[in-house]
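What TrEMBL records for this protein:
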| type | residues | note |
| --- | --- | --- |
| BINDING | 41, 42, 81, 291, 292 | Ca(2+) binding site |
| CARBOHYD | 206 | N-linked glycosylation site |
| CARBOHYD | 426 | N-linked glycosylation site |
| MOD_RES | 81 | 3-oxoalanine (Cys) |
| SIGNAL | 1-28 | signal peptide |
(Lines of atoms letter the chains of each structure in order from A and count residues from 1; the text may use other names and numbers.)
(Lines give C-alpha, C1' and ligand atoms only; values in the text may rest on other atoms or scores of the structure.)
Protein backbone atom coordinates (compact mmCIF):
# COMPACT_ATOMS: atom_id res chain seq x y z
CA UNK A 1 0.00 0.00 0.00
CA UNK A 2 1.18 3.53 -0.82
CA UNK A 3 0.74 4.71 2.75
CA UNK A 4 2.88 1.84 4.06
CA UNK A 5 5.62 2.64 1.56
CA UNK A 6 5.51 6.28 2.61
CA UNK A 7 5.79 5.27 6.25
CA UNK A 8 8.90 3.26 5.47
CA UNK A 9 10.45 6.27 3.71
CA UNK A 10 9.80 8.35 6.80
CA UNK A 11 11.54 5.78 8.98
CA UNK A 12 15.06 6.86 8.09
CA UNK A 13 14.32 10.53 8.60
CA UNK A 14 12.71 9.83 11.95
CA UNK A 15 15.63 7.71 13.03
CA UNK A 16 17.95 10.65 12.41
CA UNK A 17 15.60 12.79 14.49
CA UNK A 18 15.69 10.32 17.36
CA UNK A 19 19.44 9.84 17.32
CA UNK A 20 20.22 13.54 17.03
CA UNK A 21 18.12 14.15 20.13
CA UNK A 22 19.70 11.33 22.12
CA UNK A 23 22.38 11.98 24.70
CA UNK A 24 25.95 11.68 23.45
CA UNK A 25 28.11 8.90 24.80
CA UNK A 26 31.72 9.29 25.94
CA UNK A 27 32.93 8.82 22.38
CA UNK A 28 30.87 11.76 21.18
CA UNK A 29 28.63 9.57 19.05
CA UNK A 30 24.88 9.17 19.59
CA UNK A 31 23.79 6.22 21.69
CA UNK A 32 21.18 3.84 20.38
CA UNK A 33 18.29 3.64 22.85
CA UNK A 34 17.72 0.71 25.16
CA UNK A 35 14.58 -1.27 24.34
CA UNK A 36 12.36 -2.71 27.06
CA UNK A 37 9.31 -4.74 25.99
CA UNK A 38 6.93 -5.67 28.81
CA UNK A 39 4.69 -8.50 27.57
CA UNK A 40 1.90 -9.67 29.85
CA UNK A 41 0.15 -13.04 29.63
CA UNK A 42 -3.64 -13.18 29.05
CA UNK A 43 -4.06 -9.63 30.33
CA UNK A 44 -7.14 -8.00 28.85
CA UNK A 45 -7.71 -4.56 27.36
CA UNK A 46 -9.98 -3.68 30.28
CA UNK A 47 -7.62 -4.67 33.09
CA UNK A 48 -5.97 -1.26 33.60
CA UNK A 49 -7.42 1.79 35.28
CA UNK A 50 -6.45 3.96 32.33
CA UNK A 51 -8.65 1.73 30.16
CA UNK A 52 -11.59 2.10 32.52
CA UNK A 53 -11.20 -0.77 35.02
CA UNK A 54 -13.43 0.46 37.88
CA UNK A 55 -11.24 -0.64 40.81
CA UNK A 56 -8.43 1.68 39.66
CA UNK A 57 -5.74 -0.61 41.06
CA UNK A 58 -2.99 0.07 38.51
CA UNK A 59 -1.54 3.45 39.56
CA UNK A 60 1.90 2.81 38.07
CA UNK A 61 0.65 1.71 34.67
CA UNK A 62 -1.82 4.60 34.70
CA UNK A 63 1.12 6.92 35.47
CA UNK A 64 3.07 5.31 32.65
CA UNK A 65 0.21 6.17 30.29
CA UNK A 66 -0.04 9.73 31.64
CA UNK A 67 3.68 10.21 31.02
CA UNK A 68 3.62 8.44 27.67
CA UNK A 69 1.25 7.48 24.88
CA UNK A 70 -1.76 5.17 24.89
CA UNK A 71 -2.65 2.98 21.89
CA UNK A 72 -6.33 1.97 22.29
CA UNK A 73 -6.35 0.24 18.88
CA UNK A 74 -3.45 -2.17 19.36
CA UNK A 75 -3.73 -5.82 18.32
CA UNK A 76 -2.02 -9.13 18.74
CA UNK A 77 -1.35 -11.38 15.74
CA UNK A 78 -3.15 -14.40 17.20
CA UNK A 79 -5.65 -14.96 20.01
CA UNK A 80 -3.26 -17.43 21.65
CA UNK A 81 0.10 -17.24 23.44
CA UNK A 82 2.74 -19.03 21.34
CA UNK A 83 1.76 -17.67 17.90
CA UNK A 84 1.53 -14.12 19.20
CA UNK A 85 5.01 -14.34 20.75
CA UNK A 86 6.44 -15.77 17.55
CA UNK A 87 4.87 -12.85 15.69
CA UNK A 88 6.36 -10.27 18.07
CA UNK A 89 9.90 -11.61 17.80
CA UNK A 90 9.84 -12.17 14.01
CA UNK A 91 7.63 -9.29 12.90
CA UNK A 92 5.66 -11.81 10.85
CA UNK A 93 2.21 -13.34 10.95
CA UNK A 94 2.10 -16.85 12.44
CA UNK A 95 0.90 -18.19 9.08
CA UNK A 96 4.30 -17.06 7.70
CA UNK A 97 6.60 -18.07 10.58
CA UNK A 98 5.08 -21.54 11.00
CA UNK A 99 3.28 -21.09 14.33
CA UNK A 100 0.01 -22.66 13.25
CA UNK A 101 -1.50 -26.07 12.52
CA UNK A 102 -3.06 -27.63 9.45
CA UNK A 103 -4.51 -30.56 11.40
CA UNK A 104 -7.96 -28.94 11.16
CA UNK A 105 -9.38 -25.65 9.98
CA UNK A 106 -9.13 -22.53 12.13
CA UNK A 107 -7.66 -24.29 15.16
CA UNK A 108 -5.68 -22.49 17.85
CA UNK A 109 -2.40 -24.31 18.46
CA UNK A 110 0.49 -23.51 20.79
CA UNK A 111 3.50 -25.26 22.38
CA UNK A 112 2.56 -27.52 25.29
CA UNK A 113 5.24 -29.97 26.36
CA UNK A 114 4.30 -32.65 23.87
CA UNK A 115 4.59 -30.48 20.75
CA UNK A 116 7.56 -31.50 18.62
CA UNK A 117 7.98 -28.21 16.74
CA UNK A 118 9.17 -24.74 17.59
CA UNK A 119 10.58 -21.59 16.06
CA UNK A 120 12.30 -22.55 12.78
CA UNK A 121 15.99 -21.80 12.27
CA UNK A 122 15.02 -19.95 9.10
CA UNK A 123 13.26 -17.24 11.11
CA UNK A 124 15.26 -14.16 12.12
CA UNK A 125 14.41 -13.09 15.65
CA UNK A 126 14.66 -9.58 17.00
CA UNK A 127 17.52 -10.17 19.49
CA UNK A 128 19.68 -11.79 16.81
CA UNK A 129 19.24 -8.75 14.57
CA UNK A 130 19.84 -6.29 17.41
CA UNK A 131 23.25 -7.92 18.02
CA UNK A 132 24.37 -6.24 14.79
CA UNK A 133 23.96 -2.90 16.53
CA UNK A 134 25.78 -4.05 19.68
CA UNK A 135 22.76 -4.84 21.85
CA UNK A 136 22.88 -7.26 24.78
CA UNK A 137 19.55 -9.12 25.05
CA UNK A 138 17.79 -10.92 27.87
CA UNK A 139 14.46 -12.71 28.13
CA UNK A 140 12.83 -12.92 31.55
CA UNK A 141 9.81 -15.21 31.87
CA UNK A 142 8.01 -17.37 29.35
CA UNK A 143 9.64 -18.28 26.02
CA UNK A 144 6.92 -20.51 24.56
CA UNK A 145 8.50 -20.94 21.12
CA UNK A 146 9.57 -24.54 21.60
CA UNK A 147 11.19 -26.32 24.54
CA UNK A 148 13.50 -28.77 22.78
CA UNK A 149 17.24 -27.88 22.73
CA UNK A 150 17.27 -26.61 19.14
CA UNK A 151 14.63 -24.02 20.00
CA UNK A 152 16.44 -22.59 23.05
CA UNK A 153 16.25 -18.76 23.13
CA UNK A 154 20.03 -18.44 23.42
CA UNK A 155 20.25 -20.17 20.04
CA UNK A 156 18.02 -17.46 18.58
CA UNK A 157 19.87 -14.31 19.62
CA UNK A 158 19.28 -13.86 23.33
CA UNK A 159 22.37 -13.59 25.54
CA UNK A 160 20.63 -14.36 28.82
CA UNK A 161 17.47 -16.12 29.95
CA UNK A 162 15.72 -16.63 33.23
CA UNK A 163 12.36 -18.30 32.92
CA UNK A 164 10.48 -21.25 31.52
CA UNK A 165 9.93 -22.75 28.07
CA UNK A 166 6.22 -23.48 28.65
CA UNK A 167 3.22 -22.33 30.70
CA UNK A 168 3.34 -22.93 34.44
CA UNK A 169 0.63 -25.60 34.36
CA UNK A 170 0.83 -28.25 37.06
CA UNK A 171 1.68 -29.67 39.43
CA UNK A 172 2.43 -32.98 37.73
CA UNK A 173 3.63 -36.26 39.19
CA UNK A 174 6.80 -36.43 37.03
CA UNK A 175 5.58 -39.82 35.81
CA UNK A 176 2.79 -39.21 33.32
CA UNK A 177 4.01 -35.64 32.79
CA UNK A 178 7.05 -33.78 34.14
CA UNK A 179 6.83 -30.45 35.89
CA UNK A 180 7.97 -27.52 33.75
CA UNK A 181 11.64 -26.56 34.16
CA UNK A 182 12.95 -23.09 34.97
CA UNK A 183 16.14 -22.11 33.18
CA UNK A 184 19.02 -19.79 33.83
CA UNK A 185 20.68 -19.34 30.49
CA UNK A 186 21.53 -22.75 28.99
CA UNK A 187 20.52 -25.00 31.89
CA UNK A 188 17.59 -25.70 34.13
CA UNK A 189 17.86 -24.57 37.76
CA UNK A 190 14.71 -26.24 39.03
CA UNK A 191 11.08 -26.94 38.21
CA UNK A 192 7.80 -25.19 38.89
CA UNK A 193 5.98 -26.57 41.97
CA UNK A 194 9.33 -27.89 43.24
CA UNK A 195 12.26 -25.45 43.54
CA UNK A 196 9.91 -22.71 42.32
CA UNK A 197 6.69 -23.35 44.26
CA UNK A 198 3.22 -22.26 43.24
CA UNK A 199 0.51 -23.04 45.77
CA UNK A 200 -2.50 -24.29 43.75
CA UNK A 201 -4.91 -23.63 46.62
CA UNK A 202 -3.87 -20.15 47.73
CA UNK A 203 -2.17 -18.93 44.54
CA UNK A 204 0.92 -17.90 46.46
CA UNK A 205 4.12 -17.79 44.40
CA UNK A 206 7.15 -15.51 44.48
CA UNK A 207 7.80 -15.68 40.75
CA UNK A 208 6.85 -12.10 39.86
CA UNK A 209 9.28 -10.85 42.50
CA UNK A 210 12.01 -13.08 41.10
CA UNK A 211 11.30 -11.87 37.57
CA UNK A 212 11.39 -8.28 38.81
CA UNK A 213 14.81 -8.72 40.39
CA UNK A 214 16.12 -10.33 37.20
CA UNK A 215 15.04 -7.23 35.27
CA UNK A 216 16.47 -4.73 37.77
CA UNK A 217 19.83 -6.50 38.00
CA UNK A 218 20.13 -6.73 34.22
CA UNK A 219 19.35 -3.03 33.73
CA UNK A 220 21.90 -1.99 36.35
CA UNK A 221 24.56 -4.23 34.84
CA UNK A 222 24.11 -2.92 31.32
CA UNK A 223 23.97 0.69 32.52
CA UNK A 224 27.27 0.22 34.33
CA UNK A 225 28.83 -1.33 31.22
CA UNK A 226 27.35 1.42 29.00
CA UNK A 227 25.97 -1.15 26.57
CA UNK A 228 22.63 -0.81 24.80
CA UNK A 229 20.24 -3.53 25.88
CA UNK A 230 17.07 -5.28 24.80
CA UNK A 231 15.05 -6.64 27.73
CA UNK A 232 12.04 -8.82 26.91
CA UNK A 233 10.11 -9.12 30.20
CA UNK A 234 7.51 -11.79 29.44
CA UNK A 235 5.97 -12.65 32.79
CA UNK A 236 2.97 -14.92 33.27
CA UNK A 237 1.24 -14.22 36.60
CA UNK A 238 -2.10 -13.37 34.94
CA UNK A 239 -2.25 -16.69 33.06
CA UNK A 240 -4.22 -19.37 34.89
CA UNK A 241 -3.33 -20.72 37.37
CA UNK A 242 -3.02 -17.10 38.49
CA UNK A 243 -0.52 -16.34 41.25
CA UNK A 244 0.84 -13.50 43.40
CA UNK A 245 3.32 -13.18 46.24
CA UNK A 246 2.14 -13.06 49.85
CA UNK A 247 2.18 -9.25 50.27
CA UNK A 248 -0.27 -8.91 47.38
CA UNK A 249 -2.60 -11.83 48.01
CA UNK A 250 -5.99 -10.68 49.20
CA UNK A 251 -5.33 -6.99 48.49
CA UNK A 252 -7.43 -6.49 45.35
CA UNK A 253 -11.12 -5.76 44.97
CA UNK A 254 -11.02 -8.18 42.03
CA UNK A 255 -9.85 -11.32 43.82
CA UNK A 256 -6.76 -13.34 43.01
CA UNK A 257 -6.55 -12.16 39.41
CA UNK A 258 -6.55 -8.58 40.66
CA UNK A 259 -3.84 -9.49 43.18
CA UNK A 260 -1.65 -10.61 40.27
CA UNK A 261 -2.38 -7.42 38.33
CA UNK A 262 -1.53 -5.28 41.37
CA UNK A 263 1.82 -7.03 41.76
CA UNK A 264 2.60 -6.57 38.08
CA UNK A 265 1.69 -2.89 38.35
CA UNK A 266 3.96 -2.50 41.37
CA UNK A 267 6.79 -4.24 39.51
CA UNK A 268 6.43 -2.03 36.44
CA UNK A 269 6.54 0.98 38.75
CA UNK A 270 9.82 -0.23 40.26
CA UNK A 271 11.33 -0.76 36.80
CA UNK A 272 10.37 2.74 35.65
CA UNK A 273 11.60 4.23 38.94
CA UNK A 274 14.98 2.54 38.45
CA UNK A 275 15.29 3.99 34.95
CA UNK A 276 14.57 7.43 36.40
CA UNK A 277 17.02 6.98 39.28
CA UNK A 278 19.77 5.95 36.86
CA UNK A 279 18.88 8.87 34.54
CA UNK A 280 18.19 6.44 31.70
CA UNK A 281 14.70 7.56 30.75
CA UNK A 282 15.62 9.63 27.71
CA UNK A 283 17.61 6.74 26.30
CA UNK A 284 15.24 3.86 27.09
CA UNK A 285 12.18 3.01 25.02
CA UNK A 286 9.56 1.10 27.05
CA UNK A 287 6.46 -0.59 25.63
CA UNK A 288 3.80 -2.43 27.64
CA UNK A 289 1.25 -4.82 26.11
CA UNK A 290 -0.21 -8.34 26.31
CA UNK A 291 0.05 -11.48 24.18
CA UNK A 292 -3.72 -11.93 23.68
CA UNK A 293 -7.03 -11.00 25.23
CA UNK A 294 -8.17 -12.03 28.68
CA UNK A 295 -9.14 -15.69 29.08
CA UNK A 296 -12.85 -15.30 29.84
CA UNK A 297 -13.09 -19.07 30.11
CA UNK A 298 -11.16 -18.65 33.40
CA UNK A 299 -13.02 -15.53 34.60
CA UNK A 300 -13.81 -14.10 36.99
CA UNK A 301 -11.53 -15.88 39.46
CA UNK A 302 -8.66 -16.71 37.09
CA UNK A 303 -9.28 -14.35 34.17
CA UNK A 304 -9.40 -10.66 33.42
CA UNK A 305 -11.50 -8.13 31.55
CA UNK A 306 -11.68 -7.22 27.87
CA UNK A 307 -13.66 -4.07 28.56
CA UNK A 308 -16.43 -3.41 26.03
CA UNK A 309 -15.17 -5.95 23.52
CA UNK A 310 -16.74 -9.22 22.45
CA UNK A 311 -15.46 -12.59 23.74
CA UNK A 312 -11.86 -13.28 24.70
CA UNK A 313 -8.76 -15.40 24.24
CA UNK A 314 -9.05 -18.14 21.60
CA UNK A 315 -11.41 -16.04 19.43
CA UNK A 316 -10.82 -13.46 16.70
CA UNK A 317 -13.46 -11.12 18.06
CA UNK A 318 -12.08 -7.88 19.50
CA UNK A 319 -11.86 -9.28 23.03
CA UNK A 320 -9.42 -11.94 21.89
CA UNK A 321 -7.22 -9.73 19.75
CA UNK A 322 -7.22 -6.12 21.02
CA UNK A 323 -4.64 -5.44 23.73
CA UNK A 324 -3.67 -2.79 26.26
CA UNK A 325 -0.69 -0.86 24.91
CA UNK A 326 1.38 1.95 26.41
CA UNK A 327 4.65 3.44 25.17
CA UNK A 328 6.86 5.41 27.59
CA UNK A 329 9.87 7.43 26.55
CA UNK A 330 10.07 10.67 28.56
CA UNK A 331 11.66 13.53 26.68
CA UNK A 332 11.13 11.79 23.36
CA UNK A 333 7.44 10.88 23.16
CA UNK A 334 5.12 13.66 24.35
CA UNK A 335 3.30 12.88 27.60
CA UNK A 336 -0.42 12.29 27.89
CA UNK A 337 -0.99 11.42 24.25
CA UNK A 338 -3.45 8.97 22.70
CA UNK A 339 -2.71 7.54 19.25
CA UNK A 340 -5.52 6.07 17.20
CA UNK A 341 -3.04 4.35 14.93
CA UNK A 342 -3.97 0.72 14.25
CA UNK A 343 -1.04 -1.05 15.86
CA UNK A 344 0.12 -4.66 15.97
CA UNK A 345 2.37 -6.65 18.23
CA UNK A 346 4.46 -7.29 15.08
CA UNK A 347 5.18 -3.55 14.90
CA UNK A 348 7.39 -3.91 17.98
CA UNK A 349 9.86 -5.88 15.84
CA UNK A 350 10.04 -3.24 13.12
CA UNK A 351 10.00 -0.27 15.50
CA UNK A 352 12.82 -1.80 17.57
CA UNK A 353 15.00 -2.26 14.49
CA UNK A 354 14.30 1.34 13.52
CA UNK A 355 15.34 2.52 16.98
CA UNK A 356 18.58 0.58 16.61
CA UNK A 357 19.28 2.07 13.19
CA UNK A 358 18.95 -1.30 11.45
CA UNK A 359 17.34 -2.12 8.14
CA UNK A 360 14.61 -4.73 7.88
CA UNK A 361 15.56 -8.15 6.47
CA UNK A 362 15.14 -7.91 2.71
CA UNK A 363 14.70 -11.62 1.99
CA UNK A 364 11.26 -12.08 3.57
CA UNK A 365 7.93 -10.38 4.13
CA UNK A 366 7.79 -8.36 7.35
CA UNK A 367 4.25 -7.59 8.51
CA UNK A 368 5.13 -5.12 11.26
CA UNK A 369 5.18 -1.36 10.67
CA UNK A 370 7.53 1.20 12.17
CA UNK A 371 5.39 3.06 14.72
CA UNK A 372 7.86 5.90 15.26
CA UNK A 373 5.94 8.24 12.92
CA UNK A 374 2.84 7.73 15.06
CA UNK A 375 4.76 8.05 18.31
CA UNK A 376 6.98 11.02 17.51
CA UNK A 377 4.93 12.98 15.00
CA UNK A 378 1.37 11.85 15.59
CA UNK A 379 1.07 10.55 12.04
CA UNK A 380 -1.60 7.96 11.22
CA UNK A 381 -0.73 5.27 8.69
CA UNK A 382 -3.39 3.38 6.76
CA UNK A 383 -2.87 -0.35 7.23
CA UNK A 384 -4.94 -3.52 7.63
CA UNK A 385 -5.05 -5.76 10.69
CA UNK A 386 -5.45 -9.43 9.74
CA UNK A 387 -7.10 -11.76 12.26
CA UNK A 388 -5.89 -15.33 11.83
CA UNK A 389 -7.02 -18.35 13.78
CA UNK A 390 -4.66 -21.17 12.87
CA UNK A 391 -4.54 -21.50 9.09
CA UNK A 392 -7.66 -19.43 8.44
CA UNK A 393 -8.07 -15.71 7.83
CA UNK A 394 -11.11 -15.02 10.00
CA UNK A 395 -11.39 -11.24 9.73
CA UNK A 396 -9.70 -7.98 8.77
CA UNK A 397 -9.91 -4.42 10.07
CA UNK A 398 -9.23 -1.46 7.81
CA UNK A 399 -9.80 1.96 9.31
CA UNK A 400 -12.92 1.78 11.47
CA UNK A 401 -14.41 -1.19 9.64
CA UNK A 402 -13.99 -4.85 10.55
CA UNK A 403 -15.11 -7.60 8.18
CA UNK A 404 -15.63 -11.18 9.39
CA UNK A 405 -15.12 -13.87 6.76
CA UNK A 406 -15.62 -16.68 9.26
CA UNK A 407 -17.26 -16.68 12.69
CA UNK A 408 -16.70 -19.32 15.36
CA UNK A 409 -16.28 -19.43 19.09
CA UNK A 410 -16.00 -23.14 19.84
CA UNK A 411 -17.98 -26.29 19.14
CA UNK A 412 -21.43 -27.03 20.54
CA UNK A 413 -19.92 -30.11 22.16
CA UNK A 414 -17.40 -28.03 24.13
CA UNK A 415 -19.93 -25.32 24.87
CA UNK A 416 -22.35 -27.83 26.40
CA UNK A 417 -19.50 -29.04 28.61
CA UNK A 418 -19.19 -25.52 30.05
CA UNK A 419 -16.30 -24.29 27.89
CA UNK A 420 -17.43 -20.76 27.04
CA UNK A 421 -15.16 -18.20 25.37
CA UNK A 422 -17.90 -15.52 25.40
CA UNK A 423 -19.72 -15.83 28.75
CA UNK A 424 -22.84 -13.67 28.86
CA UNK A 425 -22.15 -12.28 25.39
CA UNK A 426 -24.21 -14.30 22.92
CA UNK A 427 -24.78 -12.30 19.72
CA UNK A 428 -27.08 -14.14 17.34
CA UNK A 429 -25.39 -15.01 14.07
CA UNK A 430 -22.04 -13.73 15.32
CA UNK A 431 -20.83 -15.81 18.30
CA UNK A 432 -21.51 -19.07 16.47
CA UNK A 433 -20.72 -22.58 17.68
CA UNK A 434 -20.24 -23.91 14.17
CA UNK A 435 -17.76 -22.52 11.68
CA UNK A 436 -19.87 -20.14 9.63
CA UNK A 437 -18.46 -18.88 6.34
CA UNK A 438 -19.06 -15.29 5.24
CA UNK A 439 -16.41 -14.98 2.54
CA UNK A 440 -18.93 -14.01 -0.15
CA UNK A 441 -20.81 -11.54 2.02
CA UNK A 442 -18.77 -10.72 5.14
CA UNK A 443 -20.27 -9.42 8.34
CA UNK A 444 -19.01 -5.83 8.68
CA UNK A 445 -18.96 -3.75 11.86
CA UNK A 446 -18.04 -0.11 12.47
CA UNK A 447 -15.76 -0.48 15.47
CA UNK A 448 -15.96 3.19 16.43
CA UNK A 449 -19.73 3.12 16.91
CA UNK A 450 -19.95 -0.56 17.80
CA UNK A 451 -16.76 -1.78 19.54
CA UNK A 452 -18.67 -4.78 20.93
CA UNK A 453 -19.45 -6.16 17.43
CA UNK A 454 -23.17 -6.44 18.16
CA UNK A 455 -24.69 -4.56 15.21
CA UNK A 456 -23.49 -5.70 11.78
CA UNK A 457 -24.06 -3.21 8.98
CA UNK A 458 -27.01 -3.88 6.68
CA UNK A 459 -25.86 -5.67 3.54
CA UNK A 460 -27.94 -3.27 1.46
CA UNK A 461 -26.60 -0.07 3.00
CA UNK A 462 -24.38 2.34 1.15
CA UNK A 463 -21.96 2.24 4.10
CA UNK A 464 -21.62 -1.54 3.86
CA UNK A 465 -20.96 -1.46 0.12
CA UNK A 466 -18.41 1.33 0.49
CA UNK A 467 -16.54 -0.51 3.26
CA UNK A 468 -16.60 -3.75 1.27
CA UNK A 469 -15.13 -1.99 -1.78
CA UNK A 470 -12.21 -0.79 0.34
CA UNK A 471 -11.60 -4.06 2.14
CA UNK A 472 -11.92 -6.54 -0.76
CA UNK A 473 -8.79 -5.58 -2.77
CA UNK A 474 -6.67 -5.43 0.40
CA UNK A 475 -7.65 -8.99 1.32
CA UNK A 476 -7.23 -10.26 -2.24
CA UNK A 477 -3.74 -8.80 -2.47
CA UNK A 478 -2.78 -10.33 0.87
CA UNK A 479 -4.09 -13.80 0.03
CA UNK A 480 -2.64 -13.89 -3.47
CA UNK A 481 0.85 -12.99 -2.24
CA UNK A 482 0.79 -15.16 0.90
CA UNK A 483 3.32 -17.99 1.09
CA UNK A 484 2.58 -19.97 4.29
CA UNK A 485 5.48 -21.23 6.33
CA UNK A 486 5.93 -24.89 7.20
CA UNK A 487 3.46 -25.60 10.05
CA UNK A 488 5.30 -26.31 13.30
CA UNK A 489 2.38 -27.34 15.50
CA UNK A 490 1.09 -30.49 13.82
CA UNK A 491 3.05 -33.26 15.56
CA UNK A 492 3.00 -34.29 19.23
CA UNK A 493 5.06 -36.88 21.09
CA UNK A 494 5.03 -37.66 24.82
CA UNK A 495 8.73 -38.52 24.61
CA UNK A 496 9.79 -34.93 23.83
CA UNK A 497 8.36 -33.46 27.04
CA UNK A 498 10.64 -31.86 29.64
CA UNK A 499 11.91 -35.16 31.04
CA UNK A 500 15.63 -34.41 30.98
CA UNK A 501 16.37 -30.76 30.16
CA UNK A 502 19.97 -29.53 29.96
CA UNK A 503 21.43 -29.28 33.46
CA UNK A 504 19.09 -31.85 35.01
CA UNK A 505 21.97 -34.20 35.79
CA UNK A 506 23.64 -31.56 38.02
CA UNK A 507 20.46 -31.28 40.07
CA UNK A 508 19.52 -34.94 40.09
CA UNK A 509 16.30 -33.95 38.28
CA UNK A 510 16.53 -36.06 35.12
CA UNK A 511 13.50 -38.22 34.38
CA UNK A 512 13.11 -41.19 32.05
CA UNK A 513 11.06 -40.45 28.93
CA UNK A 514 8.50 -42.91 27.58
CA UNK A 515 8.79 -44.62 24.21
CA UNK A 516 8.75 -42.22 21.28
CA UNK A 517 5.37 -42.31 19.55
CA UNK A 518 4.84 -39.33 17.20
CA UNK A 519 1.18 -38.58 16.53
CA UNK A 520 -1.04 -35.90 15.11
CA UNK A 521 -1.78 -33.18 17.66
CA UNK A 522 -5.43 -32.71 18.54
CA UNK A 523 -6.53 -29.06 18.68
CA UNK A 524 -10.23 -28.93 19.61
CA UNK A 525 -10.75 -25.21 19.11
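Residue positions begin at 1 at the first shown residue.
Note that Cβ sites are derived from N, Cα and C of the backbone, with glycine treated the same way.
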What's the CA to CA span in angstrom from residue 41 (Ca(2+) binding site) over to residue 206 (N-linked glycosylation site)?
-> 17
The recorded positions listed are 42, 81, 291, 292, 426; by CA-CA distance, the one closest to residue 206 (N-linked glycosylation site) is 42
Taking the centre of the Cβ atoms of 41, 42, 81, 291, 292 as the Ca(2+) site, the remaining residues of that chain with Cβ inside 8 Å are 40, 43, 80, 84, 236, 239, 290, 295, 313
Given residue 426 (N-linked glycosylation site) and residue 292 (Ca(2+) binding site), what distance in Å do their CA atoms have, once rounded to a whole number?
-> 21
Top of the recorded positions 206, 292, 426 by count of other CB atoms within 10 A is 292
Students should find that the Cβ of residue 291 (Ca(2+) binding site) has, within 10 Å, a number of other Cβ atoms equal to 29
